[in-house]
Amino acid sequence: MAHPVQLGLQDATSPVMEELITFHDHALMAMSLISLLVLYALFSTLTTKLTNTNITDAQEMEIIWTILPAIILVLIALPSLRILYLTDEVNNPSFTIKSIGHQWYWTYEYTDYGGLIFNSYMLPPLFLNPGDLRLLEVDNRVVLPIEAPVRMMITSQDVLHSWTIPTLGLKTDAVPGRLNQTVFTATRPGVYYGQCSEICGANHSFMPIVAELIPLKIFEMGPVFTL
């Protein structure tokens, strides 16, 4: 999860998030090199006194500063397209869980476990225990297995929401009347936090998401939910 004064991304808990972090570093390096080059050119222009009134054109330079940015954009676009494909790929998920957004809570439905349905509300500050996170804890966590592809079917009952867990690299819109899906494979057990990432009304800031990831063998023993 995030930490105070954290500057980077959260630690990855899925292969897709690992790819996103790698792409972030790749794009940031390209941006840094371009910025340094532009700053060097500006500094040289401001400090030099040399002029040449005989130069009317420089076709070689024009070709270079046209082709070079195009190459840089291609090098950035190719890994971006690959990650975009990975996020949309659905390949034989082991479990399907449905998430329904409401104003302002989430409903989860485990279709593979007899249609188990429960709501997940944010815990008010009066019900928090020492060490709990304000505005992030819920009464019922969504329990998910690790090391198995899980498909999340996401929709909304009223307005536009967005189901997001940054450490898993997940952000899928919950659209009324439409069923969106995303597939992920978690790699580490733990408790991970997210929030609705689409402004959905007065209490938009008070509908957190808490995913508890447990080993697959424990998950397969049956529902382990505390309701």
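Each residue, glycine too, has its Cβ placed from N, Cα and C.
Per Swiss-Prot, the features are:
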- 1-14: topological domain 'Mitochondrial intermembrane' (TOPO_DOM)
- 15-45: transmembrane segment (TRANSMEM)
- 46-59: topological domain 'Mitochondrial matrix' (TOPO_DOM)
- 60-87: transmembrane segment (TRANSMEM)
- 88-227: topological domain 'Mitochondrial intermembrane' (TOPO_DOM)
- His161, Cys196, Cys200, Met207: Cu cation A1 binding site (BINDING)
- Cys196, Glu198, Cys200, His204: Cu cation A2 binding site (BINDING)
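Sequence features, as recorded in Swiss-Prot, placed on the structure.
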residue	record	DSSP class
His161	Cu cation A1 binding site	strand
Cys196	Cu cation A1 binding site	coil
His204	Cu cation A2 binding site	helix
Binding-site residues listed as His161, His204, least Cβ neighbours within 10 Å: His204
Site with most surrounding Cβ atoms, counting all protein chains shown within 10 Å, from the binding-site residues Cys196, Cys200, Met207: Cys196
Helix-strand-coil residue split for the topological domain 'Mitochondrial intermembrane' (1-14), DSSP-based: 0 helix, 0 strand, 14 coil
Other CB atoms, at most 10 A from the CB of Glu198 (Cu cation A2 binding site): 17
Pairwise CA distance, His204 (Cu cation A2 binding site) versus Cys196 (Cu cation A1 binding site), rounded so that it is a whole Å: 7
Other residues, Cβ within 8 Å of Cys196, Glu198, Cys200, His204 Cβ centroid (Cu cation A2 site): Gly101, Trp104, Val159, Leu160, His161, Ser162, Ser197, Ile199, Gly201, Met207
Positions whose Cβ lies under 8 angstroms from the topological domain 'Mitochondrial intermembrane' (1-14), at least six residues beyond its ends: 20-21, 24, 166-170, 184-188, 190, 192-193, 213
